[in-house]
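Per TrEMBL, the features are as follows:
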- Gly86, Glu87, Leu88, Val89, Arg108: substrate binding site (BINDING)
- Asp109: Mg(2+) binding site (BINDING)
Amino acid sequence: MTDSPDILRRLAALPVANVGDAMDRLNVCQSVLRTMCPGLTLAGPAYTVRTRPGDNLYIHKALAELQPGQILVVSGGGDIDRALIGELVAGRAVAKGCAGIVIDGAVRDVAVLQALGVPVFARAITPAGPYKDGPGELDVPIAVADVVVKPGDYVLGDDDGVVVVPRERAETVVERAEDKQRQEDAKRTEIAAQLGLEAFPTGA
Ligand SMILES: O=C([O-])CC(=O)C(=O)O
Ligand SMILES: [Mg+2]
């Protein structure tokens, strides 16, 4: 699948909430999927993995396939009793140029994930480790916190949560989201004046 760096750059510049609004407020992952690394944003095309809950053999297999800029997106069935990744898997993914990790399950070693500076989103943290027996699947459509993710779909995350932009709709979605952002910018300027501020806070 050809990459669209311009669309990705434009999507990445927008708040995740506005991109969700631009998809009729659908395609937003359930709020159980939270950032493990506050302040870091995530944006890129998905490399998808489906694993047996509590088992990360196929995540290790995925490390060999990951391309720079991709987001490692894992459906672990939402199980939160075993961590599917920690510092070692995350470090290896970063070494392959991975731009972020989304786990529909749990993670561990969270202090080091933050120190690595890689955006990681997951349902939970637990010290309990994963089994490594399989089965699993690579590069297939998956479900992540109630949203379908196809290989190559754009995945975006910030402190509010995660949205998935289907690749085939990305152009329309980014235009709608930019339009919404412009409308909101006008409102922010108006509110800043009411607050006696030179500019509306950015949260950055
Ligand atoms: O043991 C594992 O596969 C998960 C883990 O803690 C790590 O990646 O550091
Ligand atoms: Mg570990």
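From the backbone N, Cα and C atoms, a Cβ is placed for every residue, glycine too.
TrEMBL does not curate its annotations; it predicts them automatically.
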Candidate nearest the residue listed as 'Mg(2+) binding site' in space, where candidates are the binding-site residues Gly86, Leu88, Val89 and distance is Cα-Cα: Gly86
Candidates near ligand 2 among the binding-site residues Glu87, Leu88, Val89, judged by a Cβ under 6 angstroms: Glu87, Leu88
Where the record names Gly86, Glu87, Leu88, Val89, Arg108 as binding substrate, the maximum Cα to Cα distance in Å: 11
Around the Cβ of Glu87 (substrate binding site), the count of other Cβ atoms that are within 10 Å: 17
For Gly86 (substrate binding site), nearby residues of its own chain (Cβ under 8 Å, 6 or more apart in sequence): Val107, Arg108, Asp109, Val112, Leu113, Gly129
Cβ-based neighbourhood (8 Å from the centroid) of the substrate site, residues Gly86, Glu87, Leu88, Val89, Arg108 excluded: Ala83, Ile85, Ala90, Gly91, Val107, Asp109, Val112, Leu113
Sparsest Cβ surroundings (other CB atoms within 10 Å) among the binding-site residues Leu88, Val89, Arg108: Leu88
Asp109 (Mg(2+) binding site), number of other Cβ atoms within 10 Å: 20
